[in-house]
């Protein structure tokens, strides 16, 4: 019976990277693990199939060989003289000829080292005030931690993992493939070089247990959306005493009702009435440090920016503090009573109408442009 494609076993495309392959393996291994399917021979066979596919596709050299030659790259006789040796003499060094493809598949391989723990990611949402000032937050994350009973060995206290009698601790076995020898993962110990005869009752021989741990994370002042904080060694525990992975805290800053942030500068809109815009005055504006007075000069136009130095965000990497830029928005009055309408009518007449040249230079420029446009059309 033909063996199933390794990519199909893990449910990943042939273009999948190592991260995608590991994610698929972890999901399937949890589903079909013998400890969760005791007595289920079909699940046990599926688990072995998944593990075999994972070991091949996460080894760069073996994956390259599989992509080029399929299962024949690893099966007894699959790469014999007919497959590779037809054009070479008996004295050829096949490990040199095919080294670029197979790497350390040829020659004396080494056992699989215990894997470093996986890195973890935590998405943390902050308010703008928390991001600007810095904050310490407690988080809870599900992870794999070293078993406290066996200290990660997987063996019951008082016992030790035994050297694999098949590979004698090498983690690999040598098989003859036509004119040369090929190293394969030891099928007895799955490449670890050791066997656990008496597994730990707490972790069932895995050396790690699932836990949810609480961490206190210090967020420095000045962080922004997209910043990432690394907590070394706070990821998943490694296998058999290998180093733990890292935890990466990904920052996301919530939208603020008043301020917008661009780099280390803050922006806000300040509405003023048209009388203040024309005559000038002072208005109270918010900052992250409290309220301050902004002086508005006379004849201020809508969209005018006023810079308040040092009222922005201090860079997380040090250096000068950003500024607060207040954008003035001149509001048109609404809900006018008869007296206010009469006063405005009188004011407009004093301007010489809607396009008064002296008091509304932009209006004059605009209407002059409109007149020229229509004059040009009629010529």
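Glycine residues also receive a Cβ, built from the backbone N, Cα and C atoms like all the rest.
Small disclaimer: the values here were computed from a predicted structure and weren't measured.
Annotated in Swiss-Prot:
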type: BINDING; residues: 147, 150, 200, 203; note: Zn(2+) 1 binding site
type: BINDING; residues: 164, 167, 186, 189; note: Zn(2+) 2 binding site
type: DOMAIN; residues: 5-70; note: domain 'J'
type: REPEAT; residues: 147-154; note: repeat 'CXXCXGXG motif'
type: REPEAT; residues: 164-171; note: repeat 'CXXCXGXG motif'
type: REPEAT; residues: 186-193; note: repeat 'CXXCXGXG motif'
type: REPEAT; residues: 200-207; note: repeat 'CXXCXGXG motif'
type: ZN_FING; residues: 134-212; note: zinc finger
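If one looks beyond the repeat 'CXXCXGXG motif' (200-207) by at least 6 residues along the same chain, the residues whose Cβ comes under 8 Å of a Cβ in the stretch are 35, 146-150, 152-157, 239-240.
Residue 167 (Zn(2+) 2 binding site) falls outside any helix or strand according to DSSP and counts as coil. Among the binding-site residues 147, 150, 200, 203, no residue is found with its Cα located within 10 Å of the Cα of residue 189 (Zn(2+) 2 binding site). Cα of residue 200 (Zn(2+) 1 binding site) to Cα of residue 164 (Zn(2+) 2 binding site): a distance of 18 Å. Every protein chain considered, the tally of other Cβ atoms within 10 Å of the Cβ of residue 189 (Zn(2+) 2 binding site) stands at 25. Ranked by CA distance from residue 203 (Zn(2+) 1 binding site), the binding-site residues 164, 167, 186 have 164 at the top as the closest. Neighbour list (residue 147 (Zn(2+) 1 binding site), Cβ cut-off 8 Å, at least 6 residues apart, same chain): 154, 200, 202, 203, 206, 207, 208, 209.
For the pair formed by residue 150 (Zn(2+) 1 binding site) and residue 167 (Zn(2+) 2 binding site), distance between Cα atoms is given as 24 Å, rounded to the nearest Å. The average pLDDT computed over the repeat 'CXXCXGXG motif' (147-154) stands at 90.
Residues within less than 8 Å, Cβ to Cβ, of residue 164 (Zn(2+) 2 binding site) and separated from it by at least 6 positions along the same chain comprise 171, 186, 188, 189, 192, 193, 194, 195. Same-chain neighbours of the repeat 'CXXCXGXG motif' (147-154): 160-161, 196, 199-203, 205-209, 237-241, counting only residues six or more beyond its ends whose CB sits under 8 Å from a CB of the stretch.
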